[in-house]
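Q: Just dropping this structure here.
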Amino acid sequence: MLAAAAAASVKFSPASAGTGTTTKLAFKPVHLPPLPNAVRRPLSLSARPLYRQEPFLAATRNDRAASMAPPAATADGARPVETAAAPEAAKSAKIGVYFATWWALNVIFNIYNKKVLNAFPYPWLTSTLSLAAGSAIMLVSWATRIAEAPQTDLDFWKALSPVAIAHTIGHVAATVSMAKVAVSFTHIIKSAEPAFSVLVSRFFLGEHFPLPVYFSLLPIIGGCALAAVTELNFNMIGFMGAMISNLAFVFRNIFSKKGMKGKSVSGMNYYACLSMLSLVILLPFAFAMEGPKVWAAGWQNAVAEIGPNFVWWVAAQSVFYHLYNQVSYMSLDEISPLTFSVGNTMKRISVIVASIIIFRTPVQPVNALGAAIAILGTFIYSQAKQ
């Protein structure tokens with residue numbers, strides 16, 4: 001039909017017909033009627049092809065199923081808020097459980113430790129029993145496969161040796177302090193540990209800190225000094241024990257950071273190995289400082305005075321010492337150093353308050369003010385350090 005219309009519109013010129021010249025064609029435009037019900041549709045990159053394949057229906061069902069499923073991670077690893085919120089909430093809950101357990105176990109340990117030392121004033125044996133109980137617990141856990149034993153070598157134990165020496169000194173010194181003074185006073189003095197950390201790092205390691213860190217030491221030192229001067233039951237041996245414990249634990253942290261780089265040992269197993277090595281170091285000194293004869297006489301007097309409950313006190317302080325330290329190292333695996341510092345500060349507050357209530361320790365308002373200033377300085381330090 002189109003061809004016929006086009007042929008009808010072609011005209012031959014007479015001049016060109018008689019001669020052999022090129023034929024000149026003249027065309028007229030052809031206007032076709034519009035198609036009925038024609039609707040213009042814009043092009044779309046997402047338009048489906050005009051043909052259908054065999055598995056089209058199956059693909060449609062798969063598309064519907066995929067649209068109902070939760071979206072997966074994008075190419076850059078980001079996930080929607082809904083899917084990321086659940087793991088974050090679970091992690092926060094886990095850290096909260098760690099912190100609550102850590103503080104509760106620490107309070108229980110300090111209470112039973114003070115009870116034992118009041119009836120049995122032999123801190124070297126008390127410290128030894130704490131490390132021995134933790135070592136026994138972990139050896140049984142490894143033997144029964146409750147916990148997976150760590151893969152260690154000679155280099156691991158060499159790197160752990162200075163950490164264990166510092167840990168042993170700090171542990172014994174703190175126990176000596178609590179044998180001589182109130183638990184609250186020991187922990188007020190031990191809240192000055194950040195000041196020791198800054199001073200040791202500055203003068204022994206050559207590290208420099210911003211001015212807010214140095215200024216945060218002023219309330220720590222001032223608060224501890226105020227609390228010590230106004231302490232009703234002040235004892236120089238107890239005071240020096242807490243100060244030596246601070247210094248030893250600072251060196252323990254420094255040696256731990258330097259010696260354990262690249263070591264893949266969990267926090268629980270790391271502290272277990274630390275307890276065992278510290279026990280080996282402490283045993284000969286405990287025998288030399290006190291000895292079995294002194295222990296036997298003191299044990300008989302304590303049992304005669306307290307009764308069978310004394311044995312449970314000793315067992316409780318030994319077990320809870322290991323448990324609270326183990327949970328603190330497990331917490332450190334999950335949180336940042338800043339969060340750990342804040343948690344450690346709050347732990348001291350809970351111990352100080354609980355010991356004052358349980359042992360009815362007399363506290364003057366000026367003494368309480370000094371403790372509050374020292375704790376506040378410790379919190380400010382943890383913020384400025386990070």
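We number each residue from 1, going along the chain as drawn.
Cβ atoms are placed via backbone N, Cα and C, with glycine included.
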Q: From 124-144, 313-333, which range did TrEMBL mark with transmembrane segment?
A: 124-144
Q: If we call contact 3 or more Cβ pairs under 8 Å (sequence gap 6 or more), are the transmembrane segment (366-384) and the transmembrane segment (209-230) touching?
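A: By the criterion, they touch.
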Q: Could you check if the transmembrane segment (124-144) is in contact with the transmembrane segment (267-289), meaning 3+ Cβ pairs under 8 Å among residue pairs at least 6 apart in sequence?
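A: Checked: the transmembrane segment (124-144) vs the transmembrane segment (267-289), in contact.
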